[in-house]
């Protein structure tokens, strides 16, 4: 993957805004606990546009970052990117995970006009620690402008309350990967939860094998279309215990 190291070290507090935003399709910045990706994986689905991402601050296990973009024209129903902060962690089988505490506080702004995006966690599992994606578990904190998840039927298969938040659960395929999407029934901009509870629900009720390894944990935004849009994550933290 093309990218750069943004001079982030394991200091108690370190501001890296001076490192500047990065705008390349696969650019990223790494700290001890996180990798922050620009990840413009589907930019060619837009008629025009660009996106840049930057890290603002690191304090212990908490990171602050932002991403700004304009995506116009083309396939308005397709995601263009997934700028995100990915946790660096040791892969574990779901049955051996005790907790996945996480917090995320963010704000979103955009110019007038059509704006479609989601804010979501994205978890992937596999039957081996080094295997390819078999299950994808998304947790949508926000669905702006009519954004919708992958679904075989277009309808939720369940309504689930986890912690103090209610979610509609959708299921569908993405190639050979089975995708579960928990979509919050109302926008959450200040989120605190144990993500293990989402995995536990799926293993008990939706057939997710507890022998699967959690191999990826990310949180970010999927834009479909928008002008002068910016997501600012004032704080994000996560751990797999």
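Each residue, glycine too, has its Cβ placed from N, Cα and C.
Copied from Swiss-Prot, the annotated features are:
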- 136: active site (ACT_SITE)
- 222: active site (ACT_SITE)
- 174: N-linked glycosylation site (CARBOHYD)
- 190: N-linked glycosylation site (CARBOHYD)
- 1-19: signal peptide (SIGNAL)
Residue, out of the active-site residues 136, 222, whose Cβ gathers the largest set of other Cβ atoms within 10 Å: 222
Assigned conformation of residue 190 (N-linked glycosylation site) - DSSP reduced to three states: strand
Rounded Cα-Cα span from residue 222 (active site) to residue 174 (N-linked glycosylation site), Å: 16
Close in space, distant in sequence - residue 190 (N-linked glycosylation site), Cβ under 8 Å, 6 or more apart: 104, 105
Distance from residue 222 (active site) back to residue 136 (active site), taken between C-alpha atoms, in Å: 15
